[in-house]
Amino acid sequence: ICISVNIEIIISTIQSGLILFCFFSRTDVVAVTPWLAPIVWEGTFDPDLVDIIYKSMNLTIATTVFAVGKYVRFLQDFLETAEKHFMVDFNVCYYVFTDRPDDVPSVNMSQGRHLSVIQVPGSNRWQEISARRMEIIQTAIERQISREADYIFCLDVDSKFHARWGAESLGRLVAVIHPWFYQATRDLFTYERRPASTAYIPMDEGDYYYAGAVFGGSVEDVYTLTKVCRNHLEEDARNSIEAAWQEESHLNRYLLYNKPSKLLSPEYQWDDKKTKTKEVKVIRFSTVIKNYAEIHPNV
């Protein structure tokens with residue numbers, strides 16, 4: 001990293017080679033990890049420069065969402081706000097996994113953007129739906145996404161976009177810092193603490209607590225992530241143990257030992273129940289307020 005005046009030049013390796021990104025420093029937040037991966041906050045990147053670099057590559061971004069059971073009701077707002085704010089002017093393929101394909105809304109898509117509906121089984125337990133997410137994404141990458149996209153983001157459908165989410169988010173392996181834990185100390189992270197689980201993280205280990213609602217990266221790297229997490233979830237199931245936060249616990253374990261190449265600040269995964277803090281200059285994507293007892297098949 002070269003620092004001159006107030007600009008940090010961070011070299012990031014992507015598919016076509018080495019590319020320079022200008023990240024402007026902020027003194028009120030940490031903008032780089034201990035392993036020198038950038039943490040993307042408003043004011044730490046030049047959106048015009050980032051767009052110029054990436055738009056010349058003619059990339060396609062896959063975006064997966066699960067709209068199972070009553071969660072299909074969130075799909076229209078997700079898609080309509082994504083069309084306004086998510087990877088605007090890029091090729092985007094939305095992959096909607098649902099047990100209610102007839103309820104998928106019709107949303108006008110910009111040129112170069114389209115939607116694929118993939119039918120999946122429902123479940124009487126929301127935990128099972130959560131646990132199978134890694135398996136389903138892995139299978140979709142094998143069968144379809146690997147031929148159609150360069151990068152992929154796996155997002156929660158019960159969310160809305162509010163502001164730009166652009167190419168500054170792209171990287172080999174990308175995670176988002178959980179909005180409820182970005183100011184917390186490691187001892188408060190809700191990792192899986194039982195050694196019997198393959199998601200186990202000891203009390204004296206951990207970098208950040210990552211939200212399961214957002215993860216992404218190159219299709220190849222996300223494929224490896226989903227494959228490993230799926231195997232660990234299935235091993236736990238054989239041993240009759242369910243990690244504290246299902247796939248989010250396994251995601252945190254994976255990312256502890258396979259460091260992300262880029263972190264997104266909580267701007268990219270806020271929670272509408274949480275009061276906006278002074279560090280968060282813009283909310284780009286957030287989880288909507290809802291009645292879990294009403295939408296979950298089991299409480």
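Cβ from N, Cα, C; glycine included.
Annotation comment: TrEMBL describes Glu248 as active site, nucleophile. Neighbour count (other Cβ atoms within 10 Å of the Cβ, all protein chains): 24 for Glu248 (active site, nucleophile).
The UDP-N-acetyl-alpha-D-galactosamine binding site annotation in TrEMBL covers Phe66, Ala67, Val68, Tyr71, Asp156, Val157, Asp158. Over all protein chains present, the Cβ of Phe66 (UDP-N-acetyl-alpha-D-galactosamine binding site) has 26 other Cβ atoms lying within 10 Å.
Long-range Cβ proximity for Asp158 (UDP-N-acetyl-alpha-D-galactosamine binding site), meaning a same-chain Cβ under 8 A and a gap of 6 or more residues, is found for Tyr71, Phe74, Phe78, Thr287, Val288, Lys290. The Mn(2+) binding site annotation in TrEMBL covers Asp156, Asp158.
Note on Ala67 (UDP-N-acetyl-alpha-D-galactosamine binding site): other Cβ atoms within 10 Å of its Cβ, all shown chains, come to 26. Take the CB of Val157 (UDP-N-acetyl-alpha-D-galactosamine binding site) and look out to 10 A: across all protein chains shown you find 22 other CB atoms. Val68 (UDP-N-acetyl-alpha-D-galactosamine binding site) and Glu248 (active site, nucleophile) have their C-alpha atoms 18 Å apart, to the nearest angstrom. Binding of UDP-N-acetyl-alpha-D-galactosamine is attributed in the record to Phe66, Ala67, Val68, Tyr71, Asp156, Val157, Asp158, and the widest Cα separation among these residues amounts to 11 Å.
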